[in-house]
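Inspection log for the structure reproduced underneath, given as structure tokens.
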Amino acid sequence: QLQNKILILTICAAGIGGTFQYGYNISIINAPASYIQVFMNTTWLERMGVPLDSNMVLLLWSFTVSAYPLGGLTGAVAAGPMAIMLGRKMSLLLNNGFVIIAAALSGCSRMAKSFEMIMLSRFFTGVNAGVSMNIQPMYLAESAPKKLRGAVALTSASFTALGLVLGQVVGLRELLGGEESWPFLLASNVVPALIQLTALPWFPESPRYLLIDRGDKESCISALQKLRGTSDLSAELEEMLAEQAAVKGQRAKNPWELFQNPGLRWQLVSIVVLSSAMQLCGNDSMYFYAAYVFQEAGIPEDKIPYVVIGTGSCELITSVTCNMIIDYAGRRPLLLGGYIFMAAWAIVFMVALSQQTQISWMPYLSMACIFAYILSFGIGPAGVTGVLPTEVFDQMSRPAAYMICGSLLWFNLFLVGTAFPFIVKSLAHFCYIPFLVVCVCTALYVWFFLPETKGKSFLEISEEFRKRNFKAKTHGGFYKGPEEIKTTPL
């Protein structure tokens, strides 16, 4: 039982300064948006003697917002080399430095009368989120026992959702979302960073990293004993030694090497499709619509922030539920179900939006659609997508795979954020058609091409993909997989 506690505490220590920050920093910027725009205008007026026109304010604000995904992209690219050279745990610890710099910049921005400091702060916050979104699921999945691997790696999504909800709560006008307190709201992300810096050093490094990357068997056994207790470790250690033997003499791969390797073709296609779909499925855009739909449903304007907290809570509840069932239900059913339900709700949502003014109860249907869409996203795509790169790539390819995943995730977040206002303008009520297409195509891909990884060792999963990658050669009799796991069921 003590060992279960150590694993749970390791998850919490990694999560609070990890993906929690991603969700938290996405939502805290929404509450003070109007105050920051006023601050930009007054600062410019004091400097230049002329106020900014509204288009210029909007442009500066969009720079501030897009600095976050830009930082995220930088962090995602840096995460791979950091994970290899510094290790998983040390990377997470050093990553807090970016948030501390960001908090100092945004906290002092009003005093220094500089809105540029807010932009720079958002960039550093993005770098922190980019690193943690890649390294945290890798660290946790490598530290977890096989039968709990999915649930443990999936906690990354639960911490993102928790950060989202807490950011919405702290951003309420009664707390830090007021006109006087917004610099403190933007600087409040330093608290989770300090908690992680205090807690994480007490927990072990990833045993797989210690053995396979560092070749340090003693430290690996010591880390395993901390995480698993005195129970028999021989089977798990044997599996790791087999994986070490399989990658012997190899060095950690670079992202472009993954594209050149025919033995990784299907793994790569799978993570590219799923990482892109996670941002292109329109879940974040639902939050964009939330305030408008709730207003149409007759909810008083001052009560809307409280209802919006309900949408974030939906994602939190489903990601925690998904945590509990992923190692029973498997990865495929959750992904499939999530995307199929999202496609169905997208159709209902577009119909409801188009009839919003004609039929009196339509705003309530739109409202239900928002909650249902977010629930469907939370139950599968939100969490499972982050688990897969750990499971389908070996130790030498994993950091590079996460760099590709992370870069796609942040690039697509930037793309959707930039394009969505124009999509709404041109397609009006039918703005969800592009997202509907993405959901349907992803569901088809999962159904036809993605194998189940539940309960399998990393070597078994590698072997299963190897069979797919070399199917043509296998028929010709050129390729023979390792003898002892030749019969892995598809």
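Glycine is no exception: its Cβ is also placed from the backbone N, Cα and C atoms.
Unlike curated records, TrEMBL annotations are generated automatically.
Matching 7-24, 277-294 against TrEMBL, the residues noted as transmembrane segment span 7-24. Long-range contacts of the transmembrane segment (118-139) within its own chain (CB-CB distance under 8 A, at least 6 residues past either end) are made by residues 14-15, 17-19, 21-22, 25, 29, 36, 63-65, 67-80, 82-83, 88-89, 91-92, 95-96, 98-99, 101-103, 105-106, 109, 153, 156, 159, 186, 189, 193, 206, 386-387, 389-390, 398-399, 402-403, 405-406, 409-410. In this chain, the transmembrane segment (430-450) lies out of contact with the transmembrane segment (58-80); the count of Cβ pairs under 8 Å, excluding pairs fewer than 6 apart in sequence, is fewer than 3. Within the same chain, residues 274, 277, 281-283, 322, 325-326, 362-363, 365-366, 369-370, 372-373, 376-377, 379-385, 429-433, 435-436, 439-440, 442-443, 446-447, 450 sit at least 6 positions outside the transmembrane segment (334-353) and bring their C-beta atoms closer than 8 Å to a C-beta of that stretch. Long-range contacts of the transmembrane segment (400-424) within the same chain: residues 65-66, 69-70, 72-73, 75-77, 79-80, 83, 126, 130, 133-135, 137-138, 252-255, 257-258, 267-268, 271-272, 275-276, 278-280, 282, 284-285, 288, 389, 392-393, 431, 434, each at least 6 residues beyond the stretch ends and with a Cβ under 8 Å from a Cβ of the stretch. Of the Cβ pairs linking the transmembrane segment (92-112) with the transmembrane segment (430-450) and spaced 6 or more residues apart, fewer than 3 are under 8 Å, so the two regions do not touch. If you average pLDDT over the domain 'Major facilitator superfamily (MFS) profile' (11-454) in this model, you get 88. With a cut-off of 8 Å between Cβ atoms, the residues of this chain six or more beyond the transmembrane segment (151-170) that come close are 7, 11, 15-16, 18-28, 30-31, 133, 136-137, 140-141, 143-144, 176-177, 185, 188, 192, 305, 308-309, 312-313, 315-316, 319-320, 322-324, 326-327, 378, 382-384, 386-387, 390.
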